[in-house]
Amino acid sequence: MARSITMQQRIEFGDCDPAGIVWFPNYHRWLDAASRNYFIKCGLPPWRQTVVERGIVGTPIVSCNASFVCTASYDDVLTIETCIKEWRRKSFVQRHSVSRTTPGGDVQLVMRADEIRVFAMNDGERLRAIEVPADYIELCS
């Protein structure tokens, strides 16, 4: 079973559009934070350290597929559950499931996203994908 890490995000008034629901780009900002949180909780060093030690600048997104199930609004507290769904040679699929607890105590799925990400190095001209480091896979398993 894939290792799963959760984090919470309180929705503030400023995160919402005039209708009072979360403005959708904010989900992607929170998913990016959840991605980094996942690697930190699994024991990977901060990107500023990996760039010095290995030349790895981070895990840019190659593709993102998001499905929104219901709305969320300010004062909701979201739980973002993150795992690696699939490891590939030069990429991986990171799944995020975002939920909230209703006033009645039920857990309600708000949205789910699968991101394809790569570990990247800067070769001086551009970012390029590298093979996923085996020790990183081990830390995240």
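Just so you know, glycine gets a Cβ as well, placed from its N, Cα and C.
Database features, via Swiss-Prot:
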- D17: active site (ACT_SITE)
- W47, T59, P60, I61, K90: substrate binding site (BINDING)
Here the binding-site residues are T59, P60, I61; the one whose Cβ sees the most other Cβ atoms within 10 Å is T59
Rounded inter-Cα distance in Å - P60 (substrate binding site), D17 (active site): 27
Using Cα coordinates, what distance in whole Å links D17 (active site) and I61 (substrate binding site)? 25
Largest CA-to-CA spread of substrate binders W47, T59, P60, I61, K90, angstrom: 18
